[in-house]
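Colleague: What follows is a structure written as structure tokens; I'll ask about it next.
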Amino acid sequence: MNKKNPDQKSEMSSSSSSPKKQTLFISSLIILWYTSNIGVLLLNKFLLSNYGFKFPIFLTMCHMSACAILSYVSIVFLKLVPLQYLKSRTQFMKVATLSIVFCASVVGGNVSLRYLPVSFNQAVGATTPFFTALFAYLMTFKREAWVTYCALVPVVTGVVIASGGEPGFHWFGFIMCISATAARAFKSVLQGILLSSEGEKLNSMNLMLYMSPIAVIALLPVTIVMEPDVMSVTLSLGRQHKYMWILLLLNSVMAYSANLLNFLVTKHTSALTLQVLGNAKGAVAVVISILLFRNPVTVMGIGGYSITVLGVVAYGETKRRFR
């Protein structure tokens, strides 16, 4: 009988444990990504709607401040990714434009959470592929296969049905949510156009590093004009509720970690995997929000959201097959 060399045994055991470690690492990333994304969404709703902190613009500015500071620490000190530099004033203007659009999407989403339940907010947010396809066609004349456009019909139809069956429907909240969804899609298409050349491409971590300070500067005067009593009310809430500052800090850190983990999950899996996980994340967020906030739901609303999610899945699959 041939006896195996101890070195060979150790090599075999290490090679077999390596895939397990990789699987465990990716699974941990996905769980953390889900936790941060759903956590920041639910905390936003809690602060803006249930806690008396009715300042969505200031909350967005807190998020952007955390993203600016933590992006700098992650890239410059922790060196999670190489630092990329802006090479021209033109490139800076492109990044600034993206930052303003991104701000609009985040502010719109936060404002909508004051008036709409998280479940309906997620249903409307699921229509992002529809707006992405629309802006891609209008701005770049990029056409998809007709089957791909057909898959978008249930995406929109589902939201129309969900709107009719939503007990907590609010027109202003709905308009802000639709606007935020459209702005998010517009930003992704605009990013593809503005930073398309190889010399100007930035990974999402570096893009966040440059976008965040611009967003803070843009949001500061808007906050002063539209939410002038934010500091006095925030200080008053801080005296009444001892966990106020912890919640605000945790919420801001989670907003950054959602972006960081989004980048890491994409890096270690694929954009398609992220899209599939994102669809499932929306459904998980809906279930958790209903359990936490006890907002009433109807069979019609659940049916509409289900149709939208199935439409998004079909859109992603047809886009992959007919690329």
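Glycine residues also receive a Cβ, built from the backbone N, Cα and C atoms like all the rest.
Predicted automatically and left uncurated, TrEMBL annotations should be read as such.
Copying in the features that TrEMBL gives for the protein in this structure:
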- 24-43: transmembrane segment (TRANSMEM)
- 26-315: domain 'Sugar phosphate transporter' (DOMAIN)
- 55-80: transmembrane segment (TRANSMEM)
- 92-113: transmembrane segment (TRANSMEM)
- 119-139: transmembrane segment (TRANSMEM)
- 146-163: transmembrane segment (TRANSMEM)
- 169-186: transmembrane segment (TRANSMEM)
- 207-225: transmembrane segment (TRANSMEM)
- 245-265: transmembrane segment (TRANSMEM)
- 272-293: transmembrane segment (TRANSMEM)
- 299-316: transmembrane segment (TRANSMEM)
Colleague: Against which stretches of its own chain does the transmembrane segment (245-265) lie, if we need a Cβ under 8 Å and a gap of at least six residues from its ends?
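Modeller: Apart from its flanks, the transmembrane segment (245-265) reaches 26, 29-30, 32-33, 36-37, 39-40, 43-44, 46-47, 51, 53, 59, 62-63, 65-67, 70-71, 74, 80, 203-205, 208, 234, 238, 273-274, 277.
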Colleague: Does the transmembrane segment (169-186) reach the transmembrane segment (24-43) with at least 3 CB pairs under 8 A, where each pair is 6 or more residues apart?
Modeller: no
Colleague: Per-residue pLDDT averaged over the domain 'Sugar phosphate transporter' (26-315) comes to what?
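Modeller: Here the mean pLDDT over the domain 'Sugar phosphate transporter' (26-315) amounts to 91.
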Colleague: Where among 24-43, 146-163, 207-225 do we find the most Cβ pairs under 8 Å to the transmembrane segment (299-316)?
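Modeller: Selected stretch: 146-163, with the most Cβ pairs under 8 Å.
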Colleague: Which sequence positions outside the transmembrane segment (272-293), separated from its termini by at least 6 residues, show Cβ-Cβ distances below 8 Å to it?
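Modeller: Same-chain residues near the transmembrane segment (272-293) but 6 or more away: 30, 33-34, 37-38, 41-42, 45, 50, 117-119, 122-123, 125-126, 262, 265-266, 305, 309, 312-313, 316, 320.
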Colleague: Please report, as numbers and ranges, the same-chain residues at least 6 past the borders of the transmembrane segment (92-113) whose CB is under 8 Å from any CB of it.
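Modeller: That would be 41, 44-45, 48-49, 56-57, 59-60, 63-64, 86, 121, 124-125, 173-174, 176-177, 179-181, 183-184, 186-187, 190-191, 194-195, 200, 202, 207, 210-212, 214-215, 218-219.
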Colleague: Sort out the residues at least 6 away from either end of the transmembrane segment (55-80), same chain, that have Cβ-Cβ distances under 8 Å to it, and list them.
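Modeller: For the transmembrane segment (55-80), the list is 44, 47-48, 103, 106-107, 110-111, 113-114, 205-206, 208-209, 211-213, 215-216, 219-220, 222-223, 226-227, 230, 233-234, 248, 251-253, 255-256, 259-260.
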